[in-house]
Amino acid sequence: MSKTLNILELTSACIKLAQESGDIIRDVFKSGSLGIEMKSVDDPMTKADLLSQQHIIGSLRTIWSDIKIVGEEQCEIPTIDKKPPIDLLANDKDCIEKCPEEFKQLPIDDLIIFIDPLDATREFTLGRVGCVMTLIGISFKGKPIAGIIYQPFVDCNGDGTTDQSKWVGRTIWAIVGGGIPVKGIKDRRAPEDVGKVILTTTASHFNDKVQQAVDAIKPDKLLRAGGAGYKSLLVIENQADVYVFPTVGSKLWDICGPHAILLAVGGKLTDPQGNDIIYSTDPEKIENKNGIIITISNHQKYIDLLKNFKN
């Protein structure tokens, strides 16, 4: 019989580890010694990426040694003695009242944790830290069930800043199912943007396919930004209506955490043809080869616009 775990306990541990990851990232940034290495063209890795991932995975292994974990970076995982807390949500009224009972005994074999220890690494190396975040997603039988986003470089209003004296960090998390409210988000739509169609897409990997998608949707406003997690959050918090990246580049660790949060607020994420993303440890399926489209509403409308434009 498969071992089981309580999703509230696993989410508790991941929340705390994402926050501690933020401490690591801030410390590396403040040191000025980022230890930048290039994994490939325009794909940097820093000391903060490695230390963050080692801390998260090493800590999770102290409790759940058998759970499948997929992290962005290829690195050795050290032995860690300190166990992360699993009781952060034990007194959360929403969790107590609304978490489905079956979520408290999920078979470990059906779970995968996806970790992007430092999303928007390129922006991090350039000092544009407002879009930097740690992403942790948990999938169950191929579908997102919980997600955590931690933003290290934001102020008390949740706005990115380079002013170190204002860094307080922000945690956003959700468990999909049962109606547990998403924690840490707010509607950030500017009054002047009400009624507009706002599209967000890549800043650093803009190409002909991306331009074609923009032309197909014809947004009133275009937001080009770094970090898949950051752009997903723009949609989750209603700053953008749709995030389109219709080409290779994003990976499952970029989207699993945001995908869970998106589902919990009623949004949707698929590939640009409308096909569901299946979360797997298969190396051939880690990359979203057809790209992604993320919406808070009217998902099929945007799928149709892309299809009609292509045809």
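Note that Cβ sites are derived from N, Cα and C of the backbone, with glycine treated the same way.
If you look up Swiss-Prot, you'll see ASP49, THR121 marked as active site, proton acceptor, on the strength of similarity to another entry. Per Swiss-Prot, the feature Mg(2+) 3 binding site maps to GLU72. According to Swiss-Prot, the Mg(2+) 1 binding site annotation covers GLU72, ASP116, LEU118, on the basis of similarity to another entry. Annotated Mg(2+) 2 binding site per Swiss-Prot: ASP116, ASP119, ASP254, in sequence order, evidence recorded as similarity to another entry. The feature AMP binding site is assigned by Swiss-Prot to THR202, HIS205, GLY227, LYS231, with similarity to another entry given as support.
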Protein Cβ atoms within 10 Å of HIS205 (AMP binding site), excluding its own: 16
In the chain carrying the residue listed as 'Mg(2+) 3 binding site', residues 6 or more apart in sequence that have Cβ under 8 angstroms from it: ASP49, GLN53, ILE115, ASP116, PRO117, LYS251, TRP253
Collapsed DSSP category at LEU118 (Mg(2+) 1 binding site): strand
ASP254 (Mg(2+) 2 binding site) CB neighbourhood, other CB atoms within 10 A: 26
Greatest C-beta neighbour count within 10 angstroms, which of the binding-site residues ASP116, THR202, GLY227: ASP116
Inter-residue Cα distance where the pair is ASP119 (Mg(2+) 2 binding site) and GLY227 (AMP binding site), in Å: 6
CB-centroid shell, 8 A cutoff, Mg(2+) 1 site GLU72, ASP116, LEU118, site residues removed: ASP49, SER52, GLN53, GLY71, GLU73, ILE115, PRO117, ASP119, THR121, THR134, LEU135, TRP253, ASP254
Residues within 8 Å of the THR202, HIS205, GLY227, LYS231 Cβ centre (excluding the AMP site residues themselves): THR201, ALA203, SER204, ARG224, ALA225, GLY226, ALA228, TYR230, PHE245
Neighbour tally for LYS231 (AMP binding site), based on other Cβ positions within 10 Å of its Cβ: 31
ASP116, ASP119, ASP254 excluded, remaining Cβ within 8 Å of their centroid (Mg(2+) 2): GLU72, LEU118, ALA120, MET133, LEU135, GLY227, ALA228, GLY229, LYS251, TRP253, ILE255, GLY257
